[in-house]
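Chemist: Quick one: the structure is below, and I'll ask about it shortly.
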């Protein structure tokens, strides 16, 4: 299974560099080769319990697929912005690609360093790849870019030590790499923009994303420290939780956002949400879907009898929520992507806040949330946090948030790149859902070394092609411009990756489909 997963990742990396080749391409391919070798050392450490932190069981390390995401995204962002003549975007792409390579190399060196006896061949491969990457960076990066890359590496190391200690068994090494890279980049960008505020520079919705992510993470760290000394399940602690949330929100997050966007954040948000009639209709429609999702949670819990406390929701039942998410995102992608961008940020902050309430058992809803959500747990929720629903939201939202709007041509978008914002809908909302439903109900031929079925993968590919055709019909801004073979190859490789990966597919698949469409 690991070999086929690696083969799919190698194939996508090679296709990307066939389409976009520059001086960083050799570095990316060398990084992929050393990650392939090192991930077997990580797998052995996980099996023997010799890893530095406690990682999620019943999954491999996922080092190779996670290591390639950020470098490939950075290279493609750099090329897109260079073609559009956007110099700041080009520099940002260089920093993203370089920091992604260094962070992945750092994670590889940890595995090599703690493996006994020292794996000589793996050390040679990792050393050669590291030397090539450092040599290329030395002759390519400006001094300011080197400083920013080192800042990102330092933030990543500190966040790793804090979050992996506080959240045991919540991630595999690959998942931790993706999540912590994202948090490191968001924190670094927020610090940079806060220190260099220029009125009218940057879009408020981008600042909104940065402040919301850093704010909810900061909130979690504060309460984790506080509840080491307090019993979080009492009414006094719960009242203190809500008061501190209000203080941090109104006393830290709101002023921070005000400094960045130069206006009252609440008034800006209200004006933004009610700016057009289309936005009002979308908000009403999304409210109805949210109520429907909550109703499904309550209905499924009423079906759980007292005799079957260990009963868990079936795969088909869990995929109902994927269908609701697709129904949520598609109208937003067609009619107002900026509104979808902001609404997804608000939902992410709300989901994480509710997870804090559940985890700390904050009254009056903490215990209720624990009971309601326990029905939907699966083997991937082995740590103290329930993250699968947050990963689903991230998988659908990341292509919208990471879409390089400044480097995209105005008006109709041509080629497979026009489908970049739809990557989450196609990979998770359509492909993963159809593969799970058809594979679990009608699949008979299993892929070697995995529980996934051939029928599920084929129906997923077919369903995604049908979805692309429907997008062409309903979204007039999309023009594929005869790139159908590339789209078919992209969808097929990502579906093969879905069949063989043991990582969180809600997070990994949309990123790889976005990479293929951007190329």
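Numbering starts at 1 and runs along the chain as displayed.
Every residue, even glycine, has its Cβ placed from backbone N, Cα and C.
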Chemist: Ranges 183-206, 207-230: which does TrEMBL label transmembrane segment?
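Modeler: It is 207-230 that TrEMBL describes as transmembrane segment.
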Chemist: Considering only the recorded stretches 239-258, 278-299, 341-361, state which has the highest number of Cβ pairs under 8 Å to the transmembrane segment (382-402).
Modeler: 341-361
Chemist: Which stretch from 57-77, 149-167, 239-258, 422-442, 486-513 shares the most C-beta pairs under 8 Å with the transmembrane segment (320-335)?
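Modeler: Looking only at 57-77, 149-167, 239-258, 422-442, 486-513, the most contacts with the transmembrane segment (320-335) come from 422-442.
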Chemist: Which listed stretch (57-77, 149-167, 207-230, 239-258, 278-299) has the most C-beta pairs under 8 A with the transmembrane segment (341-361)?
Modeler: 207-230
Chemist: Other than its close neighbours in sequence, what residues sit by the transmembrane segment (149-167), given a CB gap under 8 Å and a spacing of at least six beyond its ends?
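Modeler: For the transmembrane segment (149-167), the list is 52-53, 95, 98-99, 102-103, 106, 137, 141, 176, 180-181, 183-185, 187-188, 221, 224, 383-385.
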